[in-house]
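> Feature annotation from TrEMBL assigns domain 'V-ATPase proteolipid subunit C-like' to 26-88. Residues or ranges marked as site 'Reversibly protonated during proton transport' by TrEMBL: Glu75. The transmembrane segment annotation in TrEMBL covers 26-46, 67-88.
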Amino acid sequence: MFEFALMMVTFAQETALTVPDWGRAGIGVGMGLILIGAGLGIGRIGGSAVEAMARQPEASGQIGTNMLIAAALIEGVTVIALILAFILPSVK
């Protein structure tokens, strides 16, 4: 896939209609990285919480509450980052 992208850049012809907008491409890549990071973080929190609940079933209520709080904080940061990714390109 990298070779294909390299060929596209190498053989691209710049005209008035096909000038690449690398800023928008960067925003798309950034948004993808934001979502991947959030997914990995929430997945890791969930896995660790389930592991902790299996080790100490009597503390499962407190562990579950802490897991939900941590996941909500990660989601909040993700939403803020995505909103900024949509808003910042329009600011000049």
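Cβ atoms here come from the backbone N, Cα and C positions, even for glycine.
All TrEMBL annotations are machine predictions without curation.
Because the structure is a prediction, the values reported are computed rather than measured.
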> Mean pLDDT across the domain 'V-ATPase proteolipid subunit C-like' (26-88), rounded to an integer, is what?
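Residues in the domain 'V-ATPase proteolipid subunit C-like' (26-88) carry a mean pLDDT of 92 in this prediction.
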> On the DSSP side of things, how many residues of the domain 'V-ATPase proteolipid subunit C-like' (26-88) fall into helix, strand and coil, could you say?
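DSSP classes over the domain 'V-ATPase proteolipid subunit C-like' (26-88) add up to 62 helix, 0 strand, 1 coil.
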> Any same-chain residues 6+ apart from Glu75 (site 'Reversibly protonated during proton transport') with CB under 8 Å of its CB? Would you list them in sequence order, or say none?
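Glu75 (site 'Reversibly protonated during proton transport') has long-range Cβ partners Ala38, Ile42.
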